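If you look up Swiss-Prot, you'll see 1-41 marked as signal peptide, on the strength of experimental evidence. Here Swiss-Prot flags Asp58, Asp329, His330 as Zn(2+) 2 binding site, drawing on similarity to another entry. What Swiss-Prot lists as Mg(2+) binding site is Asp58, Thr161, Glu282, and the listing cites similarity to another entry. Look at Swiss-Prot and you will find Ser108 tagged as active site, phosphoserine intermediate, backed by sequence analysis. As annotated by Swiss-Prot, Zn(2+) 1 binding site applies to Asp287, His291, His423, with the evidence given as similarity to another entry.
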Amino acid sequence: MKKMSLFQNMKSKLLPIAAVSVLTAGIFAGAELQQTEKASAKKQDKAEIRNVIVMIGDGMGTPYIRAYRSMKNNGDTPNNPKLTEFDRNLTGMMMTHPDDPDYNITDSAAAGTALATGVKTYNNAIGVDKNGKKVKSVLEEAKQQGKSTGLVATSEINHATPAAYGAHNESRKNMDQIANSYMDDKIKGKHKIDVLLGGGKSYFNRKDRNLTKEFKQAGYSYVTTKQALKKNKDQQVLGLFADGGLAKALDRDSKTPSLKDMTVSAIDRLNQNKKGFFLMVEGSQIDWAAHDNDTVGAMSEVKDFEQAYKAAIEFAKKDKHTLVIATADHTTGGFTIGANGEKNWHAEPILSAKKTPEFMAKKISEGKPVKDVLARYANLKVTSEEIKSVEAAAQADKSKGASKAIIKIFNTRSNSGWTSTDHTGEEVPVYAYGPGKEKFRGLINNTDQANIIFKILKTGK
């Protein structure tokens with residue numbers, strides 16, 4: 001065996017030392033980075049809160065998140081799954097019951113009022129207590145503090161949840177009156193809502209009153225398409241993109257903005273106020289799909305809501321003075337991951353849908369053959385029995401019958417369970433990000449959320 005040279009001998013001794021030094025340096029660098037990140041997060045937690053964004057997935061209980069997570073993983077359930085944007089900020093759970101002598105499960109009006117005002121009330125009530133007395137909302141408090149305010153929804157903008165933040169009425173059914181109040185009610189001589197984006201055009205362009213004209217005369221821009229919304233930069237805007245609610249996300253055309261489009265547009269406008277802003281964003285139609293027990297439609301809306309939520313979080317990360325709270329006002333439908341005594345849920349059929357059952361049913365009611373519609377929009381190998389079931393349902397009840405039959409195909413194929421066509425009473429998840437997020441930990445009441453926000457708006461903490 002050859003003797004090592006002096007240089008080789010030194011090299012053999014120094015290499016392990018160098019490796020240890022590099023490893024040690026890496027460990028210290030990693031530890032230092034972690035400490036820096038923790039310090040940055042701690043500093044953000046103590047930062048002044050200038051902006052509050054409340055995001056409500058109407059009807060979005062925990063099973064919807066579980067199903068959507070499975071879809072993000074292409075139907076698999078790996079040990080380390082891809083998380084939803086919500087999962088990263090799970091903070092606690094929230095009770096949703098109303099203060100109603102006849103019901104112990106809430107509707108969206110009572111739940112919205114509790115979330116907006118900190119006061120529980122009866123089902124159907126908008127911004128009033130159980131005796132019909134007006135109660136202040138967090139949006140109104142924000143405007144009183146000189147902040148800008150906004151409401152965004154995929155329902156009519158005067159529907160129950162947004163209305164609870166911006167109006168006061170003994171019944172959610174008085175939608176003309178609620179629309180009127182958006183124009184008529186003022187705080188310190190100013191309109192209390194600066195940005196209104198959603199559906200409901202028919203309630204603002206009426207024979208008895210043209211509210212769109214009044215908003216324009218008051219200095220608001222009025223837009224009706226995605227392109228006009230993006231082009232317009234005014235701080236006050238009324239955007240109405242459908243006569244009723246918007247089409248579901250899976251069915252929308254290029255002229256209709258997504259919930260993300262509307263959320264980003266609202267934030268861009270409201271953020272011009274140095275005093276800050278309050279914004280409520282609702283993914284309204286998770287609930288609507290759930291009332292129909294429509295898994296395809298519900299998942300389409302959860303995805304739309306997640307994209308809007310992600311945009312709000314991205315803004316908050318850069319701004320560092322924004323608190324984002326996402327939750328549901330209640331859950332709907334008794335949706336279950338698995339049914340019929342089988343320990344499986346299959347995301348693949350839901351992922352295969354290119355349009356909602358409602359959209360497909362409309363095409364069938366217009367005279368398109370069932371087989372052709374399902375082949376084009378369902379991307380499933382549909383059986384002859386399934387085709388016959390839709391044809392029979394369409395003959396009996398046209399569009400509604402066809403929609404129910406198509407929904408049944410997707411629910412059977414995915415093994416999705418539903419126990420109700422109405423709301424259910426279980427607690428809902430709360431997701432919080434930004435300074436003040438720790439205030440929403442654990443099990444809270446829906447009224448707690450409003451009371452915490454009231455304090456933040458008054459103190460910045």
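Note that Cβ sites are derived from N, Cα and C of the backbone, with glycine treated the same way.
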Worksheet item: Per residue, counting other C-beta atoms within 10 angstroms of the C-beta, which of the binding-site residues His291, His330 reaches the highest number?
Response: His330
Worksheet item: What are the non-local neighbours of Asp329 (Zn(2+) 2 binding site), defined as same-chain residues 6+ apart in sequence with CB under 8 A from its CB?
Response: Ile56, Asp58, Gly59, Thr96, Thr106, Ser108, Ala111, Gly112, Leu115, Thr161, Val428, Asn446
Item to complete: Name the one residue among His291, His330, His423 whose Cα is closest in three-dimensional space to that of Glu282 (Mg(2+) binding site); these are the binding-site residues.
Response: His330
Worksheet item: By CA distance, which of the binding-site residues (Asp287, His291, His423) lies nearest to His330 (Zn(2+) 2 binding site)?
Response: His423
Item to complete: List the same-chain residues at least 6 positions away in sequence whose Cβ sits under 8 Å from the Cβ of Asp287 (Zn(2+) 1 binding site), in sequence order, or say none.
Response: Asp58, Gly59, Met60, Ser108, Thr332
Discussion item. I want the residues beyond Asp58, Thr161, Glu282 whose C-beta is within 8 angstroms of the mean position of the Mg(2+) site's C-beta atoms, in chain order.
Written reply: Ile56, Gly57, Ser108, Gly112, Ala153, Ser155, His159, Ala160, Pro162, Gly283, Ser284, Asp287, Asp329
Item to complete: Enumerate same-chain residues with a sequence separation of six or more from His423 (Zn(2+) 1 binding site) and a Cβ-Cβ distance below 8 A; give 'none' if the list is empty.
Response: Gly59, Ile105, Thr106, Asp107, His330, Thr331, Thr332
Worksheet entry | In three-state DSSP terms, the structure that His423 (Zn(2+) 1 binding site) belongs to | strand
Discussion item. Helix, strand or coil by DSSP: which one applies to Glu282 (Mg(2+) binding site)?
Written reply: strand
Worksheet, complete the sentence: With the fewest other Cβ atoms within 10 Å, the residue among the recorded positions Ser108, Thr161 is Thr161
Practice prompt. Within the same chain, and leaving aside Asp287, His291, His423, name every residue whose CB is within 8 angstroms of the centroid of the CB atoms belonging to the recorded Zn(2+) 1 site, in sequence order.
Written response: Asp58, Gly59, Ser108, Trp288, Ala290, His330, Thr332, Gly333, Thr421, Asp422
